[in-house]
Each structure stands twice: as structure tokens, then as C-alpha cells.
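*Asks:* Right, I'll just put the structure down here and ask away after.
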Amino acid sequence: MGKVAQFERVDVCIIGGGPAGLMLAEGARRKGYSVTLIEAGFTGGAGANWGAIPSQALAACAHRAHLIRNSGQLGIGADEPRINFARINGHIRSIIAETAPDHSPEHLKAIGVEVIIAQARFSDRRTVLANDRAIRAKHFVIATGALPNIPAIPGLETIEYLTPHTIFELTRRPAHLLVLGGGATGMSLAQSHLRLGCEVTVIDMLEPLSDHDPELRAVGLRALEREGLGLFANTGIVGIGKNGDTIEVEIKSGPNEQVLTVSHVLLAAGHTPSLEGLNLAAGRIKRTPRGLLLNKNFRTSNPRVYCIGDATGDVASIGTARQHCEKVLAQIGNPFSILPQPFASEPLQIDVTYTDPELAQIGLNEPAARQRHKNRFAVTRLPFAQNSKALANRQLNGHIKLIVHASGRLLGASIAGPQAGEIASLAALAIDNGLSVVELARAPMVYTSYGQILSSAASRHLQEHQLAPIWHGLPLGKHLLP
């Protein structure tokens, strides 16, 4: 590195140009702050370049193939679809290219953000270096995202494995894809490749999709196994080795061991915050085994420095990252921000797994509600088989599950079924605005639509409890919670 020039002073310096960093940069500019963003690679981060967007593009191809195979139930005959992985790869590349202008350096510069393409590193608690430039900011925000976990498996170094960042580069169909990790990313990619004609096996050290409500998780797993997915739960990897053109994977479940022969291995066992190279010690920023030491306002041990998004060590959806940004912007604009700031409510958690059926969790699930509210809530279920849109499309697998407080306020919704992610947005709006189940039942919904299942489930709840409208002295449907 050459000689460092004099300090460049700025209100906010953001390290990382992924979704969280971009949202914060735009929000800070709207508030009139001067902003410098430092990115070591490509702006847009994982979501745009090798995460949600390419994953959804791949899933769209797989969904088309699945519809062709299963069109007979609607009276349409079709042959087995012809899969061209090179063209699928081209489709994914084109989608990435089409979305690139939305998060390009040029877009950021147009709104007044100074963009530096370089590796950032702290030189002291008030300064970050990027190439030959020294940035001294009032506030720094680490938004460097996360990298795929690379597990310590004997023999892993002898094979060319795939990660969620590299699997979209495939131009030939894998004969047998082994996915290590049964979380949202692993299961979504597994189903996409299964529908595109690959043999697919998933191995998880615990239970696949364990972050979801157990009964809805079971709906998703049954559907995947019906499509032909091989699944090993509570199973570990003893070793991996190359054998000619194939890969041999030795697995163990309890006392039982066996060897699987596959063509490709995808590592999808979670992510680790991308913090290397930042010289955190010089910035007086403390680490923990999971990432950085943070308080409830996402502030690090250095009061000038915050951390948001996947870099916090938690899996942060775009919605969660937006909440991180809002909280940090509130802190930055408060002269007393060194003190914890009160917030009206906890950030609403929305988790969606893009398998088919989709799985979505908004707010509290049943176990969380029981822990927080004891027995002062009720559960109502409604199957998609009673939704006219699902019935017309023969997408009858799954159901919605509402968690309703004794006061009548909606606490959460768990959904397994078609368009669960879209329905989740409606449920989130209802929960975030404190709607009662009565108001939700009366909400105007398009007929016919998948979203109608939300108001139908609310109506079902009222029907089920019409003989007991008073719970613990609280009239059903009243807003009595703060």
C-alpha cells in the first residue's frame, strides 16, 4: 500500500456493499448524512450475486419442469422435459445482470454515496484504511455479510466441492448431488436440482428444517420425500474421498455406517460472518465465537462502530436487515445514542423457506407463544384444501396455523403451502399493526386468491370459539395488549 493521504472525514462509513449496507447507505443519504461505502468485491452482496436472486431463478426453472411432469392431473399430456443446464446457467446469469444496475456503484454515486472498491481495515478506533485512503467517520457500520461454513471433514480437501456461492456456475447436470445441511438454503437447492433431473441426497447432523414449526416442517419434508429426495437426519460425515470420477462419502447415524457414491457435494451447513482482514483489534472491536460482541442496538465494543445484517452472526433476511438499518439510523441521529434506546416493539421476525410447498413463519410460533404467554392463546388451523385458489390449481398440500392471544390479537402465523411467502407479507402487516382476529376476518381479500386463506383462518378461529368468547375475563377481539 502506498502513502496514506490526509484523513477524509465523513458522517457514516459503511464497510460492505451487500443488501444491508446498501439499505443503510440509502437511508443515511435520505437523512442528509455524508456516506462512504467500502466494498472489497461486488456491490449487491450474496443476495444479488449468489444468493436469493439466483436461487429464485433456478427454482423458477425447476418449477416449470415440475409443472410439465405433473400436468396430467389437469388433463394435459406432456413428455419428460428436456433439461439444458447450460441454458439454465445463462438464464441465471441474465437475471443477475438485469438486477445489477439497482445496486451498482454508479447507482450509489448518483444518490451521493462515495464508493471505494477495496479491502477495508481499521488502523485505529476512529480510522479505516482503504487502499491509500484514510476514512475518519463519526460512525462506522460493518455490513460485510457472511461466507459459507466449510466443515472440518476428513478428506474434504481432496475433492472440488460446491457452496451456495458457486453452485450456480454449473453448466452440466450433476448425476447425484449430495447436500450437506438441511436448512432453508440446502433444502431449496436440493429440491430445485431434484426437479431438474438430478438424484439428490440431503444429510443433516440434526433435523432438517429444524427452525420451523415441527408440524409444518413435517408437511414440507413429506412433500420432498414424495418427490424422491433422499434424506438422512441425525447423521454425521465420517470422511470424504475421490474414487475415479465419483466421490465416496462415508456417513454414520448412531452405530450404523455406510458409504454413498455421488458425483457432486454441496456444502450448505450455514454461514460464518465475513470479518477477516478488517483488523478488528486495531479498531478496539471485540469478537465472540459467533461473531462480534454487540449490544441490543447493534453497537460493538467501540461506540463508533455498529454491525448489521448477516455479519452479526444471525441469518438476516432482507426484512430483518432493514430493521437493523432502522435501528442503527435511529442511534446515529441521537446525540444520546450511547444509551440503549426504547423501541415500541421487538422487530417482527419473518422466515421463509422457498421449497414447494413454501414454509413461512411470521411472529411467534406455537412453542414460542407457549413459552411467552403460557396458556393465554389459542391455535387455529385451516388446510389449503379449503382455499378455492389452491383447489383450482390442485395445490392442496399444507395448511395455515394462526396463533391468537386471549385478547384476540394475532401473535403469529405458521404457513406451509403455495405462495406462503406472499401470504406471510399479509400476516406480517396484520401483526405489525396489532390487528385483532376479528379485524383480520373482516379484511377484504381477493376472491379467489391464496391470500384469502388468512382471513378464512381468522373466521374459522371465531367460529371455533363462538361458545367461549371470554378468555380469562378478556373480551375476544379487543386490543388489550400494549
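Note that Cβ sites are derived from N, Cα and C of the backbone, with glycine treated the same way.
Copied straight from TrEMBL:
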DOMAIN    11-323  domain 'FAD/NAD(P)-binding'
BINDING   Gly270  NAD(+) binding site
BINDING   Asp310  FAD binding site
DOMAIN    352-446  domain 'Pyridine nucleotide-disulphide oxidoreductase dimerisation'
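I'd like to know what surrounds each of these features in this structure.
*Replies:* Note: Gly270 (NAD(+) binding site) has non-local neighbours Pro148, Asn149, Gly181, Gly183, Val315, i.e. same-chain residues 6+ apart with C-beta under 8 A of its own C-beta.
According to DSSP, Asp310 (FAD binding site) sits within a helical segment.
The DSSP breakdown of the domain 'Pyridine nucleotide-disulphide oxidoreductase dimerisation' (352-446) into helical (H, G, I), extended (E, B) and coil residues amounts to 35 helix, 32 strand, 28 coil.
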*Asks:* According to DSSP, folded down to helix, strand and coil, what is Gly270 (NAD(+) binding site)?
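*Replies:* DSSP assigns Gly270 (NAD(+) binding site) to coil.
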*Asks:* At a 10 Å cut-off from the C-beta of Asp310 (FAD binding site), count the other C-beta atoms across all protein chains.
*Replies:* 30
